[in-house]
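So that you can see what the record holds, here are the features copied from Swiss-Prot:
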type	residues	note
SIGNAL	1-19	signal peptide
DOMAIN	21-82	domain 'LCN-type CS-alpha/beta'
DISULFID	Cys31-Cys81	disulfide bond
DISULFID	Cys35-Cys57	disulfide bond
DISULFID	Cys43-Cys62	disulfide bond
DISULFID	Cys47-Cys64	disulfide bond
MOD_RES	Cys81	cysteine amide
Amino acid sequence: MKRMILFISCLLLIDIVVGGREGYPADSKGCKITCFLTAAGYCNTECTLKKGSSGYCAWPACYCYGLPDSVKIWTSETNKCGKK
């Protein structure tokens, strides 16, 4: 039983370490990448170009999974979109 708990704990830890971050990637202006009126698969392409594992359109902005630490992720606390 202890081995099973240890095994499951290791799997969860691997998922956290390898899984990467998720969120709305920010563009050069600090804004979310919009997917309003874009083709199907646009966000998945944008996310994989940023070395993420996948992504989808969480209308109206792209949401990515598995992003590396080097990619800026938009947050409401650090929102600089449209501000000078």
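Note that Cβ sites are derived from N, Cα and C of the backbone, with glycine treated the same way.
Cys47 (disulfide bond) has none of the disulfide-bonded residues Cys31, Cys35, Cys81 nearby, counting only those with a Cα within 10 angstroms of its own Cα. In this structure, of the disulfide-bonded residues Cys35, Cys62, the smallest number of CB atoms within 10 A of the CB marks Cys35.
Around the Cβ of Cys81 (disulfide bond), a 10 Å sphere holds 12 further Cβ atoms from the protein chains shown.
Secondary structure of the domain 'LCN-type CS-alpha/beta' (21-82) per DSSP, as helix, strand and coil residue counts: 8 helix, 22 strand, 32 coil. Each of the disulfide-bonded residues Cys31, Cys47 was scored by how many other Cβ atoms lie within 10 Å of its Cβ, and the smallest score goes to Cys31. Neighbour counts of Cβ atoms within 10 Å were compared across the disulfide-bonded residues Cys57, Cys64; the minimum falls on Cys57.
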